Amino acid sequence: MTVETFKPKQTTTLDIPVKTLEAASTNAVTTGNRIGFVSLGCPKNLVDSERILTQLRIDGYEVTNSYDNADLVIVNTCGFIDAAVEESLDAVREALEENGKVIVTGCLGAKENQIREVHPDVLEITGPHSYEAVLKHVHKYVPKPEHNPFTSLIPQTGVKLTPKHYAYLKISEGCDNRCTFCIIPSLRGDLDSRPAGSILDEAKRLVESGVQEILVVSQDTSAYGKDKGGRTDFWNGMPVKQDITSLARQLGKMGAWVRLHYIYPYPWVDDLIPLMAEGLILPYLDIPMQHASPRILKMMKRPGRVDRQLEAIQRWREICPDLVIRSTFIVGFPGETEEDFQILLDFLKEARLDRVGCFKYSEVDGAVANTIAELISEEVKEDRYHRFMEVQAEISAERLARFVGRTLDILIDDVDEEGAIGRSFADAPEIDGMVFINGETELEPGMLVRARITHSDEHDLWAEVVDADTQD
């Protein structure tokens with residue numbers, strides 16, 4: 001469906017089903033330097049996992065897909081909301097039961113006592129982006145191999161947990177905003193932007209390795225460079241301004257799709273839209289708005305001028321008619337009245353957003369929002385969630401129907417016996433819809449094809465190939 005509740009995403013090197021681990025244990029073979037890895041949460045956490053795994057491979061460790069073959073398991077946790085905490089604690093429990101030697105890192109790791117209360121046998125716990133600490137602990141329990149002749153085979157892009165044709169590019173860490181429902185700044189700190197040259201170097205390596213789509217992520221992507229005080233960086237001997245518009249312009253020149261995620265609604269977002277209209281970056285804007293009631297937005301410590309937001313949406317679409325807007329909202333925020341909720345529904349009907357995610361408010365330990373107003377009952381939250389979903393599903397169906405009859409570039413993600421599955425510029429991996437191309441079993445993941453859209457529903461598209469680019 002178009003509207004989804006939050007469910008932590010789990011990526012793991014341990015792809016043997018749990019039910020087979022016990023049987024496999026009798027034949028397990030260990031070399032003394034094998035690491036298993038479980039990564040939970042958002043794409044930003046996935047990038048952290050890739051960085052840790054890359055350094056482990058450089059240090060000579062092997063990455064295994066079996067609990068039994070692992071000399072140690074690392075669990076990179078998520079602590080965004082209570083559902084994420086539960087998922088993380090369950091993953092730690094499974095790793096302890098199936099292996100016994102576990103290091104915990106990530107957002108939930110910032111709350112060591114909470115983990116120790118449930119899992120006292122965990123070897124070590126570190127917080128988010130504590131790469132060096134994680135590696136130090138690994139070296140302590142699984143001594144670093146003396147030599148690995150295959151280290152030189154690690155690609156320049158490092159270890160990637162995504163398919164080879166797309167990759168996440170993290171441009172900063174932390175956030176300077178203090179939204180009352182969020183504890184990310186307390187876990188990951190204030191905004192810390194990467195040097196532009198470093199980002200562009202990584203992007204170039206990704207494209208040269210065959211990556212067709214770069215997904216730009218951070219806690220607050222549109223704030224990139226605010227902490228740099230206007231200082232420029234250098235790339236290829238040329239000065240580069242360190243702001244999101246300048247960075248996006250440079251990324252757009254590399255020949256891959258560039259998709260921006262987690263755009264806070266600052267005024268200078270306007271500067272990105274012409275780049276989308278020019279085709280430098282994808283006409284796709286992931287801009288979490290969270291609510292539409294001025295009263296609730298004020299309680300959230302979010303921008304509260306809905307009239308300005310509607311004006312901005314209209315202005316953006318005039319400049320870039322193909323623009324796809326994704327947003328997320330929270331229903332059942334403490335103190336939310338029926339009137340507040342109706343304002344939100346009215347906003348949806350007027351804004352006509354393309355893709356929308358919906359969260360039922362969840363009490364996050366340490367969030368200011370838990371205590372600023374009366375909590376909403378689960379029954380009311382559930383009712384509002386379903387009403388929200390019903391309204392947005394109709395809007396999303398209408399927005400997708402405009403593509404029927406058009407020919408679009410489709411990036412192929414998967415191929416099975418029924419045909420190919422891909423995405424258009426309107427679809428980010430994992431969170432948006434897909435384009436189904438039935439019968440095309442000769443295509444391969446990573447191929448870019450031209451396809452005519454023949455059908456749509458509220459979430460997905462169906463298409464027929466017009467022309468295929470055989471370059472992976």
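Each residue, glycine too, has its Cβ placed from N, Cα and C.
Swiss-Prot has this to say about the protein:
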type    : residues         : note
BINDING : C42, C78, C107   : [4Fe-4S] cluster 1 binding site
BINDING : C175, C179, C182 : [4Fe-4S] cluster 2 binding site
DOMAIN  : 33-143           : domain 'MTTase N-terminal'
DOMAIN  : 161-398          : domain 'Radical SAM core'
DOMAIN  : 401-467          : domain 'TRAM'
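Note on the binding-site residues C107, C182: the fewest other CB atoms within 10 A surround the CB of C182. The average per-residue pLDDT of the prediction over the domain 'Radical SAM core' (161-398) is 92, rounded to a whole number. For the binding-site residues C42, C78, the ranking by surrounding Cβ atoms (within 10 Å, all protein chains) places C78 first.
Most Cβ neighbours within 10 Å among the binding-site residues C175, C179: this distinction goes to C175. Secondary structure from DSSP puts C107 ([4Fe-4S] cluster 1 binding site) in a helix. In this structure the C-alpha atoms belonging to C78 ([4Fe-4S] cluster 1 binding site) and C175 ([4Fe-4S] cluster 2 binding site) are separated by 17 Å.
Looking at C107 ([4Fe-4S] cluster 1 binding site) and C175 ([4Fe-4S] cluster 2 binding site), their Cα atoms lie 14 Å from each other. C182 ([4Fe-4S] cluster 2 binding site) sits 14 Å from C42 ([4Fe-4S] cluster 1 binding site), taking the Cα positions as reference. A straight line from the CA of C42 ([4Fe-4S] cluster 1 binding site) to the CA of C175 ([4Fe-4S] cluster 2 binding site) spans 15 Å.
Note on the domain 'MTTase N-terminal' (33-143): DSSP counts are 55 helix, 22 strand, 34 coil. Secondary structure by DSSP for the domain 'TRAM' (401-467): 1 helix, 35 strand, 31 coil.
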